[in-house]
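Contents: one structure, followed by commentary.
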Amino acid sequence: MTDTTISGGEAATVPGPRTPLVALTDVAKSYGSVRALHGVSLDVHAGEITCVLGDNGAGKSTLIKIIAGLHPHDAGTYAVEGEEVRHASPREALDRGIATVYQDLAVVPLMPVWRNFFLGSEPTKGRGPLRRLDVAAMRATTHQALLRMGIDLRDVDQPIGTLSGGERQCVAIARAVHFGAKVLVLDEPTAALGVKQSGVVLKYVAAARDAGLGVVLITHNPHHAYLVGDRFVLLKRGAMSGSHLKEDITLDELTREMAGGSELDELTHELSRTPAATDPAAAADPETTA
Amino acid sequence: MTVLAPAAERSDERLAPRSLTRRLIGRPELGAVVGAAAVFVFFSVVADSFLQASSLGTVLYASSTIGIMAVPVALLMIGGEFDLSAGVMVTSSALISSMFSYQMTANTWVGVGVSLLVTLAFGAFNGLMLVRTKLPSFIITLGTFLMLTGLNLGLTKLISGTVSTKSIGDMQGFPTARDVFASHWTIGSVDLQVTILWWIGLVAVATWVLLRTRVGNWIFAAGGNPDAARAVGVPVAGTKVGLYMAVAFCAWISGQHLLFSFDVVQSGEGVGNEFLYIIAAVIGGCLMTGGYGSAIGSAVGAFIFGMTSKGIVYAQWNPDWFKFFLGAMLLLATLLNAWVRRRAEART
């Protein structure tokens, strides 16, 4: 239902006067002699989900690090709400409302959920040497913020490492929403999850979108992307191989383009059964075939 | 209905109310407390004089000299780093204070102040080297450990001509400095050293910082997952430099105690003590990999150390056995901690 309203408005406004929350234009990044990323452009609008799709090594991680402020970009422009920026640290990006949830380094496993929730932005009370964490408020807020996102946690005192992968992602998303992020960057939130857990995480991603955030969803799963995405940016070997609005592309086309179009045809051909030839080969050397 | 009613009273029906034992098992100090009780009972049985009131003062004194350093070493360990230079830094601090006062014929308090600044600079050096070079703290502090050991011996010989400093007992300001760093008083038949107060104070401050301040949160995060901490805006590098300076600060306190209780300092002292501090912290529940532990645990660890070192004397055994006991204790405590933590994390 949200899709229809957004794509309806989209048709009228592209490339309309509305300033995107985040706009990358022809951004490039090299590590020494390695060109990790070049010529990538993407827009993120409030209340929309921009999906970045690509295979391993396509430059997704580099892109996320640029948006999150971990690495500065070498060329091109990076604008937040129309103003060109160059982030020196993740803190600066955070201060501009860009919150990133990493696949593997989202949380400190041995710390309780409530300490993780407020890590880096802890509320305090009292003054001078008596300035201290507002523990009661931190516990209560964590529980409420998670509840608002539809996560009913048993115990905010448990180490966050004891939560499931999906729950941890959800806590990280709820944290970003609570701290007033305008843009939420999600690095492969469904990568290590089962079907059901992935669905739960995507539900929270949609909840964040409905709360008015702009979302960047990095994934290599076109099915997950198509379920929630409004825009799709495809990366291949460090370059942008496609950029589409949802109404311009079907899931099949997206999957096909993601898998590399002509390469997929070739692979289909290679994998097709030629009974006489494959059987002895497989029997002779099963390890190479595997 | 009878089943539903109690469930509705609780805040969440999936969460069984955690019993007291359950909550205790979740504490990092538990293993150390059980170990301390065992050691106490053991020496009470084998050494007749161990339970006398006068022994308490001796045991507490031995515990406090290790305990003062075990507190910052535990914090540093929770922050994910080691400091192998902590032991000789104590001696360096005492030497600087003593030699500066003597050579400049200044008030001893001036030497004490200079020593504080220089010792803090050592700590800052350790920390800055760590965050700048990103080398393991084991290597960096091993380097400072060796350099300080050499400097202690070399400079002392160069300046005083011998391996120990000149007595500063008759110098201005010595009595007041001794009151602060090395006085003792008697309650009944118990002789209590001022270091015990320093120790209790440091444990209290460290516990407060660790559990109730933003910096404490940062220390846990810097040790538990530095990348995640940095990504959410925690100043990980600053936190680690601060922790090294906290070690240096406590090395200064220990060093001044060393100086003002004997009024001369042997320049070769302190080597090996860094392991005693680390052992106390580990027995007290600090995880070697960082992100878990407590200041109170380090105090219990130091107390176990004090009881063992003095208990062996009271039992009239050959003190050569002390290191064997310490090693066995370390293994037992670490095993117990690992078991307790598995139990704590296995709750459903």
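In case you wondered, yes, glycine gets a Cβ from its N, Cα and C as well.
TrEMBL lists B:30-47 (among others) with the feature transmembrane segment.
Beyond the transmembrane segment (B:59-77), the same-chain residues lying 6 or more positions past its ends with a Cβ under 8 Å from any Cβ of the stretch are 83, 86, 90, 192-193, 195-196, 198-199, 202-203, 206, 209-210, 219, 223, 243-244, 246-247, 249-251, 253-254, 257, 273-274, 276-278, 280-282, 284, 286-288, 290, 293-295, 297-299, 301-303, 305-307, 309-311. Residues or ranges marked as transmembrane segment in TrEMBL: B:59-77 (among others).
What TrEMBL records for B:108-131 (among others) is transmembrane segment.
Residues 82-89, 91-92, 95, 99, 122, 125-126, 129-130, 163, 267-268, 270-271, 274 of the same chain lie 6+ residues outside the transmembrane segment (B:138-155) yet bring a C-beta within less than 8 angstroms of a C-beta in it. Among the features that TrEMBL reports, transmembrane segment is placed at B:138-155 (among others).
Long-range neighbours of the transmembrane segment (B:192-211) within the same chain, counting only residues 6 or more positions beyond its ends whose Cβ lies under 8 Å from a Cβ of the stretch, are 57, 60-61, 63-65, 67-68, 71-72, 74-75, 78, 179-186, 219-220, 250, 253, 257, 294-296, 298-299, 302. The transmembrane segment annotation in TrEMBL covers B:192-211 (among others).
Under 8 Å from some Cβ of the transmembrane segment (B:232-255) lie the Cβ atoms of residues 65, 68-69, 71-73, 75-76, 79-81, 83, 86, 89-95, 97, 115-116, 119-124, 126-128, 130-131, 181, 198, 202, 215, 217-219, 221-222, 226, all in the same chain and six or more residues away from its ends. Annotation comment: TrEMBL describes B:232-255 (among others) as transmembrane segment.
Annotated transmembrane segment per TrEMBL: B:275-292 (among others), in sequence order. Same-chain neighbours of the transmembrane segment (B:275-292): 27-32, 35, 66-67, 69-70, 73-74, 77-82, 86-87, 220-225, 298-302, 304-305, 326, 329-330, 333-334, 337, 341, counting only residues six or more beyond its ends whose CB sits under 8 Å from a CB of the stretch.
Residues annotated as transmembrane segment in TrEMBL: B:321-340 (among others).
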Tertiary contacts of the transmembrane segment (B:321-340), as residues 6+ beyond its ends and Cβ separation under 8 Å: 25, 28, 30-32, 34-35, 39, 276, 279, 282-283, 285, 301, 304-305, 308-309, 312
Residue numbers, six or more beyond the limits of the transmembrane segment (B:108-131), whose CB comes under 8 Å of its CB atoms: 81, 83, 85, 89, 92-94, 96-102, 137, 140-141, 144, 148, 168, 171-174, 176-177, 236-237, 240-249, 251-252, 255-256
